[in-house]
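The following features are taken from TrEMBL:
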- 1-70: domain 'U-box' (DOMAIN)
- 145-165: region 'Disordered' (REGION)
- 257-289: repeat 'WD' (REPEAT)
- 302-343: repeat 'WD' (REPEAT)
- 354-387: repeat 'WD' (REPEAT)
- 388-428: repeat 'WD' (REPEAT)
Amino acid sequence: MNCSISGEVPEDPVVSKKSGLLYEKRLIERHIADYGKCPVTGEALTMEDIVPIKTGKNVKPRSLTAASIPGMLGMFQNEWDALMLSNFALEQQLHTARQELSHALYQHDAACRVIARLKKERDEAGSLLAQAERQAPLPASAITAVSNGKRASEEEDMGPGAKRMRHGVSDSIIAELTECNAALSQQRKKRQIPPTLAHIDALERYTQLSSHPLHKTNKPGITSIDINPSKDIVATGGIDSNAVLFGRTSGEILSTLTGHSKKVTSVKFVAHNDVFLSGSADKTVRIWQGSEDGNYNCRHILKDHTAEVQAVTVHATNNYFVTASLDATWCFYDLSSGLCLTQVEDPTNSMGYTSAAFHPDGLILGTGTIGSTVRIWDVKSRGNVANFDGHTGAVTAISFSENGYFLATAAHDGVKLWDLRKLKNFRSFELYDQDTPTNSVDFDHSGSYLAMAGSDIRVYQVGSVKAEWNCIKTLPDLSGTGRATCVKFGPDARYLAVGSMDRNLRVFGLPEEDASTES
């Protein structure tokens, strides 16, 4: 006997007086309360028409399917089939969701690439527009100097033999250089090592603090580094033709300077007026002016060289700078106007220049040549006053000590130290094997330490002509390229900035907890 509503054997059966049909009590009570009639015949029906039936409560009734082993196996089979169908449906839904997610991620990646390309095109268009505006012809009444380092009237600047005429270094400029030299020389006699300078034991514990990918992956390689000590900004020049300004404290890229068409070979900060210089293998030098929003705009493009510009160095007055090129000339510029005051060419020398640096006092200029010679110049007379021979290969870097007595030069065969008072070499460091050149050398600002870079980075304590120069620390080149290309001391030698042939700027120093204890 089954319930006329559920079709199952009722646990609490009742029967209708009118129709004689059997029901489950709880089901018929709910139906009468809702509709007031029989669910089968449709006749009016009340609870008074329902008669309960007494049954045995010892054993509950079982359905026919659960009353035998075959029936139970069939029931289990049905449950298993339902479970498998449900699982299959869930797997289909998961597969569909994964496809939709993959498609959405692909669309997002494509959108990001399009946005990046549009931003790059916008920036390049803005740069070209700004360059076109700077190079537009000026009216006749305007000043004749234009931003590309040439004058508005080319004919007026051409002398005999179609050579460009220069304004020359005037007596007032020579007086300014001489006055600066006298003041700095006098200060140097009274100068003491600052108490904030990093101690030797601190340098011995230097380790890599951070690594920052600043340049493009398709053209990796950092060729030059400079540091603005007042703002703790590190500048890098890369093979990707960009110069990058990086805030060491914030750990962020402050500005990426684009415009050069070939690798940037030299970068230099000017100590005041927020000016930055970059030299490139595209034969040009650019003068960048910082703005209030933190961006740098190209103020001048200098095109006086006919070959790659290899070095840029700033005079101590911060009003003039020199560029050295593979065309075997060096140019002396006025920083404010961007004019080349003189271009020096030695008829007895046809070797291009690969490095250059001003003496701290500003009246001596050192240049390294592709032919392994170091040439010393008197800035006032633009005359070659001394030559240092002995290197093998191109002179890759030059650094004057702050004491004014020592000059360090790097080349394929290592590093040599020169005594400027006696004009002779007093010590040589053969750091690596004959196939590994030394790419960079740098005295710290106090003249207490000397850093060298090649297949690794080595820091020496500065001695004297007779006293030993001891190696304090050797840092590995963690780029994996085996070529550390440039190295620069931070303020008070508190850290070392290193560039290599990958795209990362690496900073070596003391960990923060050790640095705070040291200070």
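For all residues, glycine too, the Cβ spot is worked out from N, Cα and C.
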Contacting positions for the repeat 'WD' (354-387) when only residues 6+ beyond its ends and CB under 8 Å are counted: 169, 174, 177-178, 180-181, 184-185, 188, 310-317, 322-324, 326, 330, 332, 342, 344, 346, 393-402, 404, 407, 409, 411-412, 418, 420, 423
Beyond the flanks of the repeat 'WD' (257-289) by at least 6 residues, Cβ under 8 Å: 123-124, 127, 131, 149, 221, 223-228, 230, 233, 235-245, 296-303, 305-314, 318, 321, 323, 325, 333, 335, 338
Helix-strand-coil residue split for the domain 'U-box' (1-70), DSSP-based: 19 helix, 12 strand, 39 coil
For the repeat 'WD' (388-428), mean pLDDT (0 to 100): 91
